[in-house]
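A short write-up of the structure that comes next.
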Amino acid sequence: MNMDDIPQAEAGGLLTIDLAALQANYQEIARRVAPALCAAVVKGDAYGTGLVPTSKALWQAGARTFFVALLSEARSLRATLPEAEIFVLNGLFPDTVSTFQEQRLLPVLGSLEEIATWRAFCTRTGQALPAALHVDTGMNRLGVSPTEAINLAEGRDEIGFPLALLMSHLACADEPDHPLSARQLEDFRAIAALFPDVRASLANSAGAMSDPAFHFDLVRPGIAVYGGRARRDIAPLRPIVRLALRVIQIRHVHEGQTIGYGAAHTALRPSRIAILSAGYADGIPRLAGASDLRPGAEAIIAGRRCPLVGRISMDLLAVDVTDVPDALVSAGDWAVLLGEGLTLGDLARHSHTIDYEILTSLGKRYCRRWTY
Ligand SMILES: *Cc1c(COP(=O)(O)O)cnc(C)c1O
């Protein structure tokens with residue numbers, strides 16, 4: 001199944017999303033957190049894997065509740081999944097309120113101002129439309145304060161619309177036993193007790209992989225569903241992304257010659273260098289490149305791991321294939337950057353970043369394929 005506009009023959013990279021692995025990951029998390037329900041977070045174009053095909057696959061796997069960040073994402077998702085429950089994490093922007101109603105979306109209200117705006121809209125239209133309430137328990141990003149939440153609980157009648165969900169977000173759940181997680185859990189539990197009839201949700205992927213006390217009624221995993229690492233001490237689930245890059249040519253480089261911008265890499269022996277057709281414009285971080293001072297990421301060519309050499313350019317990168325037999329690599333071949341044992345974590349580590357950023361940066365110039 002190829003839903004993309006860029007034909008493989010013309011693409012510098014082939015990005016394959018394994019929807020069967022995605023579904024297996026979702027179902028594995030859902031199984032672990034039962035009887036809590038498992039939502040799916042599909043913001044950021046489903047973490048770079050394609051909102052439409054990925055959300056459809058998650059729905060088939062049993063997901064009924066979805067979280068996006070933005071209204072634009074919610075609109076695409078609504079067109080894809082007419083029956084899904086869709087929460088919009090970034091809340092209400094001015095002049096967007098009626099779209100929530102038209103598209104049957106639930107804003108996650110994260111301030112008293114947003115609550116007042118939603119209430120005013122409900123009053124004006126004469127419809128008590130449901131919304132989620134976000135309580136901040138230590139992230140200091142979005143959400144009303146615990147004190148504001150307590151005041152809201154005491155004046156439930158004045159809220160003016162039904163609460164579909166009470167939620168908070170963990171700041172440090174990826175680090176096992178971080179003291180802030182225990183404090184957030186305690187505070188959220190106390191607030192949730194004031195809203196006994198409202199579904200409660202605290203856990204992201206890392207929280208879903210943690211003690212069941214974190215699960216409440218609904219968990220909100222993102223990264224773990226996409227095969228990324230959620231907690232430092234727990235292995236990721238199945239990888240779902242494979243990225244192969246086109247070999248444009250093989251060059252012979254003499255000992256002592258340098259490769260790429262800044263002459264950052266010097267060949268220490270006569271070398272064969274494969275030039276691949278992707279670069280930082282495709283979301284491959286510049287920090288994944290190599291220099292004489294530090295190694296970079298690796299690519300797999302003809303089944304062998306080969307080091308990246310020199311800086312990553314906008315549209316090109318170089319790989320040392322000297323140890324690959326001549327007959328096994330030539331122009332037109334594909335080199336694997338993610339997959340065949342090369343993980344998101346490997347590329348993220350070399351790039352001083354996290355699996356999330358690698359995934360959500362995956363380029364728009366690839367030929368993208370979704371397979372089962
Ligand atoms: C992104 C996000 C999630 C999902 O987090 P992961 O770490 O990817 O599982 C859950 N809840 C909120 C509020 C988020 O912003």
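One is the number of the first residue shown, and numbering goes on along the chain from there.
Backbone N, Cα and C atoms are what each Cβ position is placed from, and that goes for glycine too.
Just so you know, TrEMBL annotations never went through curation; they're auto-generated.
The Cβ of Lys43 (active site, proton acceptor) lies under 8 Å from the Cβ of Phe67, Val68, Ala69, Leu70, Glu73, Leu89, Gly222, each of which sits 6+ residues away along the same chain. What TrEMBL lists as active site, proton acceptor is Lys43 (among others).
Positions annotated as N6-(pyridoxal phosphate)lysine by TrEMBL: Lys43.
Summarising the annotation, TrEMBL assigns substrate binding site to Arg141, Met314. Non-local contacts of Met314 (substrate binding site) by the CB criterion (under 8 A, 6+ apart in sequence, same chain) comprise Gly279, Tyr280, Ala281.
Under the heading domain 'Alanine racemase C-terminal', TrEMBL lists 240-371.
As annotated by TrEMBL, active site, proton acceptor applies to Tyr261 (among others). Around the Cβ of Tyr261 (active site, proton acceptor), a 10 Å sphere holds 13 further Cβ atoms from the protein chains shown.
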Integer mean pLDDT for the domain 'Alanine racemase C-terminal' (240-371): 97
Three-state secondary structure, which DSSP defines for Lys43 (active site, proton acceptor): helix
Between Tyr261 (active site, proton acceptor) and Arg141 (substrate binding site), the C-alpha gap once rounded to whole angstrom: 39
